[in-house]
Amino acid sequence: MAHVILDSVRKTYPNGYKAVHGADFNISDGEFIVLVGPSGCGKSTLLRMIAGLEDVTDGEIIIGDTVVNDVDPARRDIAMVFQNYALYPHMTVRQNMAYGLKNQRMSKDAIAERITEAAKTLRLEEFLERKPGQLSGGQRQRVAMGRAIVRNPKVFLFDEPLSNLDAKLRTQLRAELKALHKRLSGTFVYVTHDQVEAMSLADRIIIMSAGQVEQIGTPMDLYLQPASRFVADFIGSPSMNMLQGTIGADGHTVDMGNESTLRFAAPIDAQPGTKVDVGIRPEHLQATSSSAAQFGLTVDFIEQLGADTVVHGKLTGQTDPLTLRLTGVHSIATGESFSLHSALENIHLFDSATGKRLN
Amino acid sequence: MADIQTNSAASTVRRPRSKPIRWGLIGNHAILITGSLFMLLPVLLAFFTSTHTDVTIHKEGVQFFFGSEGGSNYHDAMFKKGGFSQNVDGARMMVNSLILGLGFAVGKIIISMMAAYAIVYFRFRFGTFAFWIIFTTLLLPLEVRILPSYEVVQSLGMLNTYSGLIIPLIASATGTFFFRQFFRSVPEELLEAARIDGAGPFKFFVDILFPLSQTMIAAIFIIMFVFGWNQYLWPTLMTTDESMFTLVRGVKQIMQAWVGGGNDIPEYSGAMALAILAMAPPIAIVIFFQNWFVKGLTESDK
């Protein structure tokens with residue numbers, strides 16, 4: 001097991017496209033790190049650079065105590081699980097798992113022992129002599145994980161391993177992955193575009209956008225204190241409501257336009273008159289009496305999810321969309337209106353121009 | 001309640017007793033059967049004719065039924081020494097043809113697979129350009145370059161040798177093209193997984209790519225074997241020694257040379273029998289490999 005350090009790592013493709021603009025972070029030994037972001041944000045490129053499948057344009061990648069920039073993927077002591085499994089279709093499950101070890105010239109007995117152990121961990125014993133084509137998607141992905149486990153690597157790399165599976169299997173394998181991490185206590189680096197996966201798996205999340213690292217933190221850091229409007233919008237489902245506001249003259253208030261004003265205890269870190277985005281999560285809005293109301297909502301339609309009811313509508317008298325999440329079952333008609341209120345500590349302010357957090 | 005409803009609904013559904021006769025289907029089959037007969041007929045006639053005596057054929061022409069001489073005609077065609085030198089028989093020519101066909105197919109597969117591997121998996125200067133150069137050689141078939149080719153082989157002293165027969169024709173643009181397309185369809189993650197598993201370029205080729213290409217190899221093997229087996233012009237030019245003759249080339253030679261028992265009747269039956277024998281191995285191979293052939297050209301289990 002080992003830590004991984006990325007020191008101002010950049011990637012520019014030969015055609016001039018800059019995929020990663022400078023990633024700087026440390027992954028400690030045994031940590032479960034999730035790289036998350038929309039497609040094309042550079043997260044996969046970053047992972048592939050750690051794996052050694054892409055050259056590093058600039059900066060250093062350190063695994064354990066070695067700078068691995070010019071080390072062959074096979075010698076980096078890493079294992080990787082791919083989105084489309086990348087199992088060798090003509091080999092049995094056993095041969096698939098053994099291939100890497102055979103290339104390391106490990107003895108047959110030792111290989112067999114490792115495979116037996118991994119197969120037990122992943123409940124693959126009965127499939128060892130089958131070919132990947134005869135397995136379901138979930139089983140294939142478990143084989144791919146098995147191929148990683150038997151190598152006993154310092155670092156496990158996962159490139160969207162659950163994206164090809166259906167929702168139910170995904171949840172199940174997510175739990176298995178989490179258990180696996182606990183058991184192996186290895187360093188895991190996991191790439192996904194699915195924020196639910198990121199939130200449920202990660203010790204720390206690295207959220208990326210357009211080749212930049214937006215924020216690094218625990219899932220709750222990202223949820224409660226998003227560093228930018230991008231992070232706020234990306235984490236959480238349904239995503240955060242963004243309303244328009246202007247900083248008031250005394251630097252403590254935000255003018256919301258339709259006579260309502262939010263007054264914060266601490267001064268806001270921006271010039272009066274600055275346009276701000278006021279972010280409030282749908283689950284942090286509460287229905288209230290009209291006297292305490294900060295916002296009004298006119299209902300367009302609702303989504304009944306059983307455990308929750310998601311109300312979609314517009315800010316009363318305006319066109320800005322507003323979403324409200326209520327626990328339990330509610331029957332709400334289109335056109336109904338709500339008076340809403342949110343605790344000030346659950347309101348996030350972002351500079352409209354830069355997207356940076358202000359409070 | 002729900003059950004009763006669905007039952008009553010089902011009982012009102014009309015169920016036709018039998019399928020109507022589909023005339024379109026019958027018409028299609030009629031056309032296909034006629035077409036097959038049309039194509040098979042010459043072969044059948046050659047086969048029937050080959051079972052008669054030379055005299056009968058000479059007098060009555062092509063035969064439409066089995067004759068009595070089948071066994072002895074085929075035996076003579078295979079084992080009776082003939083030709084000017086009286087030292088070549090059908091079996092010898094068949095061996096030559098097999099060597100040419102197999103050498104041709106195996107050699108072409110090896111060369112074109114390696115060429116395609118280099119083009120697809122290695123980033124080198126002018127790689128695509130090299131591919132297109134190879135591809136344009138399709139515009140220069142053997143017939144166009146036959147004199148220079150002959151000159152080269154002759155000056156290397158390879159006339160009347162198997163290597164002289166095979167090697168000059170072994171580079172294959174078609175094979176390279178097929179393998180290139182196939183390799184490009186192999187998911188890149190496989191290569192990456194293999195790299196992480198410590199497989200270098202050679203191991204990846206042997207352990208992963210070669211087994212994956214099996215169906216493709218089978219398909220190209222058939223095409224190339226038949227192509228090699230049916231070569232006529234090149235062997236005619238390359239071989240002057242009768243013991244190096246291939247079947248396809250030998251049929252004509254033998255018909256001219258075998259003059260039976262003092263009279264001047266050409267050995268029609270022997271020639272017909274040899275022609276049938278010359279057709280048999282390619283057909284056998286196609287039948288034997290046809291599953292793989294179709295698989296290789298259409299699907300791929302990756």
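Heads up, the Cβ atoms here are built off N, Cα and C, so glycines get one too.
Because TrEMBL annotations are produced automatically, they should be read as predictions rather than curated entries.
Since this is a predicted model, take the numbers as computed values, not measurements.
According to TrEMBL, the feature transmembrane segment maps to B:23-48 (among others). Sequence-distant neighbours of the transmembrane segment (B:23-48) (same chain, 6+ residues past either end, Cβ-Cβ under 8 Å): 62-67, 272, 275-276, 279.
Annotated domain 'ABC transmembrane type-1' per TrEMBL: B:94-289, in sequence order.
Positions annotated as transmembrane segment by TrEMBL: B:98-122 (among others).
Residues or ranges marked as transmembrane segment by TrEMBL: B:129-150 (among others).
Long-range contacts of the transmembrane segment (B:162-183) within the same chain, counting only residues at least 6 positions beyond its ends with a Cβ under 8 Å from a Cβ of the stretch, are 99-100, 103-104, 107-109, 111-113, 115-117, 119-121, 131, 134-138, 142, 149, 152-153, 156, 209, 213, 216, 219-220, 223-224, 228, 231, 234-235, 238-239, 244, 300. Positions annotated as transmembrane segment by TrEMBL: B:162-183 (among others).
Cβ atoms under 8 Å from those of the transmembrane segment (B:204-229) belong to residues 97, 100-106, 108-109, 112-113, 117, 121, 166, 169, 172, 174-175, 178-179, 182-183, 186, 190-191, 194-195, 246-248, 278, 281-282, 285-286, 289, 292-293, 295-297, 300, 302 of the same chain, restricted to positions at least 6 beyond its ends. If you look up TrEMBL, you'll see B:204-229 (among others) marked as transmembrane segment.
Marked as transmembrane segment by TrEMBL: B:271-294 (among others).
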